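J.: What TrEMBL records for this protein is below:
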type     : residues : note
REGION   : 1-23     : region 'Disordered'
TRANSMEM : 83-103   : transmembrane segment
TRANSMEM : 123-147  : transmembrane segment
TRANSMEM : 167-190  : transmembrane segment
Amino acid sequence: MDEFEEEHHNKTHSNHSDSLHNDSKTSIHVTALDGVVNVNSLFTVAVFVGLSLTAPGQQSLTDNHTECDAGPDVIRNLLVFEVVSFSFFLFSSLVAQGLKLAINLINSKDPHDAVRAHINTKVLHLGMLASAVGSVLGCIFLLLSMVDVVQIRLGMLSCGSHAAVRAVAGLIGLVSTALAVYVCTVFYAFTH
């Protein structure tokens, strides 16, 4: 009788530790997906700010240098980059939301063991990778659109506007560094 109780206790303890182990993995995935959706939402706001600057005939803030004003081609590029950026952020958010929904639905199938999600890890990793790639591409196109915003407001880079050159240099330097850190972190997470 004692052996049976000990075996039952060991099995229960093992199931409990497995449950905790799977719970932490599942909650980490859901938290990561929540983070992707939240960041994409912030970037989408930036997209709409850029879209508000696509009115034709806007003059730059340079002093009486109309030749440095952005032409309709820059405004057209801004609109295209903003729409493509929005598309990538929307793609990334929808993939992340779909994965999160799948995890939550799978977790809810067993009310006695709601913390365990038996999901295909290859599909989960592929979906998370697609979401990350969508976010990176969205950031790249958002960066390109912000360069056009700077040119519309501070003058064309081809005119040598010091304010525009400094703003674009800072923008490209900081965003490219942040994207490099993000890509390296995602690569490390998927290979370890």
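Along the chain as shown, residues are numbered 1 onward.
Using the three backbone atoms N, Cα and C, a Cβ is placed for every residue, glycine included.
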J.: What residues in the same chain, six or more past the boundaries of the transmembrane segment (123-147), come closer than 8 Å to it by Cβ-Cβ distance?
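T.: For the transmembrane segment (123-147), the far contacts come to 29, 32-33, 36, 39-40, 43, 46-47, 50, 77-78, 81-82, 84-89, 91-93, 95-96, 98-99, 103, 157, 168, 171-172, 175-176, 179, 182-183, 186, 190.
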J.: Are there residues at least six beyond either end of the transmembrane segment (167-190) with Cβ under 8 Å to its Cβ atoms? List them, or say none.
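T.: Sequence-distant neighbours of the transmembrane segment (167-190): 125, 129, 132, 135-136, 139-140, 143, 146-147, 150, 154, 157.
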